[in-house]
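Annotation comment: Swiss-Prot describes 1-21 as signal peptide. Taken from Swiss-Prot, the feature disulfide bond covers 48-63, 55-66, 62-73. Sequence annotations record features per position, and here Swiss-Prot assigns valine amide to 74 based on similarity to another entry.
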């Protein structure tokens, strides 16, 4: 029973701290954090295999196209 009471008090204390911190930081953040899905889509767009590198076993797409003859990326 004591353990449950300690747990409840701890949860209430942590919740109060979260609410207090949220009130203090309102409208002070200049650059808001991007969502993880946005970060993933941006990183996928930015990373590609450059021209001349092998595209045969690469998980990353070519910046241009993958040549079927040479199995390398072509711009």
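Including glycine, each Cβ sits where the backbone N, Cα and C put it.
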Residue 48 (disulfide bond): nearby recorded positions from 62, 66, 74, Cα cut-off 10 Å: 62
For the signal peptide (1-21), sequence-distant contacts whose Cβ falls under 8 Å of one of its Cβ atoms, 6 or more beyond its ends: none
DSSP state at residue 66 (disulfide bond), helix/strand/coil: strand
